[in-house]
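Structure first, then comments.
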Amino acid sequence: MGPLTFRDVAIEFSLKEWQCLDTAQRNLYRNVMLENYRNLVFLGITVSKPDLITCLEQGKEAWSMKRHEIMVAKPTVMCSHFAQDLWPEQNIKDSFQKVTLKRYGKCRHENLPLRKGCESMDECKMHKGGCNGLNQCLTATQSKIFQCDKYVKVAHKFSNSNRHEIRHTKKKPFKCTKCGKSFGMISCLTEHSRIHTRVNFYKCEECGKAFNWSSTLTKHKRIHTGEKPYKCEECGKAFNQSSNLIKHKKIHTGEKPYKCEECGKTFNRFSTLTTHKIIHTGEKPYKCKECGKAFNRSSTLTTHRKIHTGEKPYKCEECGKAFKQSSNLTTHKIIHTGEKPYKCKKCGKAFNQSAHLTTHEVIHTGEKPYKCEKCGKAFNHFSHLTTHKIIHTGEKPYKCKECGKAFKHSSTLTKHKIIHTGEKPYKCKECEKAFNQSSKLTEHKKIHTGEKPYECEKCGKAFNQSSNLTRHKKSHTEEKPYKCEECGKGFKWPSTLTIHKIIHTGEKPYKCEECGKAFNQSSKLTKHKKIHTGEKPYTCEECGKAFNQSSNLTKHKRIHTGEKPYKCEECDKAFKWSSVLTKHKIIHTGEKLQI
């Protein structure tokens, strides 16, 4: 095989032929020429850049009116033959066949006149009248590269059988010199190499972002246009990528074909299984250059980096709130629509996020696969284990820029920030009351519905919040696991300990704008404000008396019911209120009440 020139891998058109091509076909020509040139360079064949390539890279018209021919480089000789021992001929064929046949095979220009090279392809009976002119010309390039002439058909068969064989044997003879990753075909290695070279040929006119592939640019443009051409027939939801629609459909079918060999858990996406496997290995390959923190997912690292930059590019058109991630914006939008598309098959409860449904489903199974290595405590969600681990480390990585206060969780920091802004985006449709947290709105709604789904197994008392049930349970055990380091006093709940600590510091960060009075708890400030507004939203259904606090209404109701939940352990006497029980106990202790 003799020395090659760039002309050997270029396609030539006459002026008449060039004028027959439409814009799409001319762009196709440009892509093929650039692709062929890059493949030759990547294969290690040194060549000075032809005028044609320079012209195409600059986006200029390839036809020269003076010369009346396509600007093909002068016969620059490649510095060497294709070295058969370094680059097996068969795989070189694979590379160019992928470019010329597979990727550019459907141009549909029926009456394009052909030059000699294409006629020779007809002699080989490669295209029995079914292919169009431009495709034939592209295939002619391949003929020139491999010097097949009349045996191109045989070369195709051999190439395809070899490629088929590689799939079954899983041989990966082509190795990336940059990162060591191996591939079965040289075309795949060529595509992969762009990751290292960062060669971006397709630029977005809207934002300037560049991409290696025109198809990737096309997908990216949909971010700006908002186009969502792929629609789910089941629920009508639309997507900007077909792959996202395929993933979404599995929600309706419940299909989970990907199984973890370690624990047997199944997933509806292969990527989710891959992510899950890292739980078993403990591997954290993605490290933050800013603070050194490591993560098991690249997406988590990307999200984490925004802590350092403060970037929030995704804005809600409804209320103006900005988010670091597009997924968070999507989740947030459901607040405005009230939509709950994710339904539990066991109990029928609906959720606005698939993650919330997954969290809920564990209630029915009772499964707790995530165990803490420090104390052995098990959790039903990996996120809960992560949250729990901070108890052992004491780490508080999330700091408020406004006041310097640090928090263990980003969600707690987000909630805290609202103290400074005073924002209350969550409004009750029933009574128009607004809240700074969606969870508080959910809790509040139960006042109107009267729903109390959380029941104590000991005494049968029901609560509208799970946290209230947890607190109540401790009244049966008298357990006080949270101890003050300053005075040694024990508390049943960490929140009570936090409130107690302020006694020692004297801090009162919550100030009334009306009268200037300061409080050590936000709840006390909220209660105090009602003095100025005169608001009494809690009304007794029995007698119509109104109260400014729900706790006062609860106490008042006991007058009508006769309920006496506070019992003296010493003499079994019962009382309506805990304060009266406290006073009563002094009779038994002999302690003198301080007035």
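Every residue, even glycine, has its Cβ placed from backbone N, Cα and C.
Record features, source Swiss-Prot:
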- 4-75: domain 'KRAB' (DOMAIN)
- 146-168: zinc finger (ZN_FING)
- 174-196: zinc finger (ZN_FING)
- 230-252: zinc finger (ZN_FING)
- 286-308: zinc finger (ZN_FING)
- 314-336: zinc finger (ZN_FING)
- 342-364: zinc finger (ZN_FING)
- 370-392: zinc finger (ZN_FING)
- 398-420: zinc finger (ZN_FING)
- 426-448: zinc finger (ZN_FING)
- 482-504: zinc finger (ZN_FING)
- 510-532: zinc finger (ZN_FING)
- 538-560: zinc finger (ZN_FING)
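Non-local neighbours of the zinc finger (482-504) in the same chain are 471, 474, 520-521; each lies 6+ residues outside the stretch with a CB under 8 Å from one of its CB atoms. Taking Cβ pairs closer than 8 Å, the zinc finger (286-308) reaches residues 275, 278-279, 324-325, 397-398, 410 in its own chain, all 6 or more past its ends. Long-range contacts of the zinc finger (426-448) within the same chain, counting only residues at least 6 positions beyond its ends with a Cβ under 8 Å from a Cβ of the stretch, are 335, 415, 418, 464-465, 537-538, 550. Sequence-distant contacts of the zinc finger (314-336) (same chain, six or more residues past either end, CB-CB distance under 8 Å): 303, 306, 352-353, 425-426, 438. Counting same-chain residues at least six beyond the ends of the zinc finger (230-252), those with a Cβ under 8 angstroms from any Cβ of the stretch are 219, 222-223, 268-269, 341-342, 354. Among residues of the same chain six or more beyond the zinc finger (538-560), those with a C-beta under 8 A of the stretch's C-beta atoms are 447, 527, 530-531, 576-577.
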